[in-house]
Amino acid sequence: MENVSSHKHFILNGFNELGALRPVLFLPFFIIFVVSLLANSLLLYIIISQRSLHSPMYILMAGLAFVDLTFPLIFVPNMLLSFLFNWRGISLIGCLVQMHLFHIIGTFQPTFLVWMALDRYFAICTPLYYHECMSLPRFLKFIIPLVVRNIIMITLFVGLAGKLSFCASNVINHCFCEHMALVELACGSITINNLVGLMTMCLIPVADFIVIAASYIFIFSSVLRSGKTGAKALHTCITHIVVISISLVVALIAFLSYRVKNGLPAASRVFFSTMYPMFPSLFNPIIYGIRTAEIRQHIIKTLTCCRFIRAVAHS
């Protein structure tokens, strides 16, 4: 009976409180989206085209840029169309597919930061064994377990969400198919979904943040103990931790807002849930690209060359 009455089509109703002002959101989110795409595309182009940047640190940076490039593509175009043309409908299958892609790609943001932290740990704390530790056969023992963990946990909680019956409302108070925004519409018990969601949060972003923090504690200790100047290394480490800390805080607020009865307004909850994937995608290429001297030099050279070519073409 539950299956017969379960909704198969949903309405994404995020920021509905704004009423006639809702289309105004198109402009700021479109600007953030375009800047994110351009910044990550430029970073990817620079790393791929420059053979001098084909080292483990820059390859991992390119991997993070690829994740940051594809992450907004999962939900932002549909969200922008919804703001502009009021297109809000989505099927249950489409919702689950979007949810799975969104969370799978999203888990690789903190995971790439873990791999980057390990790269810096090996480079600074064990420089004599750096190339040996970062060789692909050796580094796979850090890659494979985290990839398997991400896929299993996300597939598990999306699969559990797909088994629920939605016999009450079919209005999702969000701009895309976020896990808890859909699950809270279920007419049965969602205790298991909540537990698996909390477990996923603890095993992926929180665990990754702990590993990152521990790596940089060891790095700071090694630099201070050895008396190295290490200014450049410490500068990179500090900006790294600042970005992951802010991203984690925004993600935790978005995640916990669906589980804690704290009176947070619906529009604020949707805003945090929308910004936590977009914030890292926008600022990661700036922090890890433009603030890295080697990449910054190649970016300036590339932009200068493009300006020169444009000037010659118009002369």
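Note: Cβ is positioned from N, Cα and C throughout, glycine not excepted.
Just so you know, TrEMBL annotations never went through curation; they're auto-generated.
Per TrEMBL, these features apply:
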TRANSMEM  25-46  transmembrane segment
DOMAIN    39-288  domain 'G-protein coupled receptors family 1 profile'
TRANSMEM  58-80  transmembrane segment
TRANSMEM  100-118  transmembrane segment
TRANSMEM  139-161  transmembrane segment
TRANSMEM  198-221  transmembrane segment
TRANSMEM  233-258  transmembrane segment
TRANSMEM  270-290  transmembrane segment
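If you look at the transmembrane segment (198-221), the same-chain residues 6 or more away from its ends with a CB under 8 A from one of its CBs are 107, 110-111, 113-114, 117-118, 120-121, 124-125, 149-150, 153-154, 156-157, 233-234, 237, 240-241, 244-245, 248, 251-252, 255, 259.
Residues 14-15, 29, 32-33, 35-36, 39-40, 42-43, 46, 61, 64-65, 68-69, 71-72, 75-76, 79, 102, 106, 109, 116, 173-176, 178, 181, 239-240, 243, 246-247, 250-251, 253-254, 257, 296, 299 of the same chain, all 6+ positions outside the transmembrane segment (270-290), place their C-beta atoms under 8 angstroms from a C-beta of that stretch.
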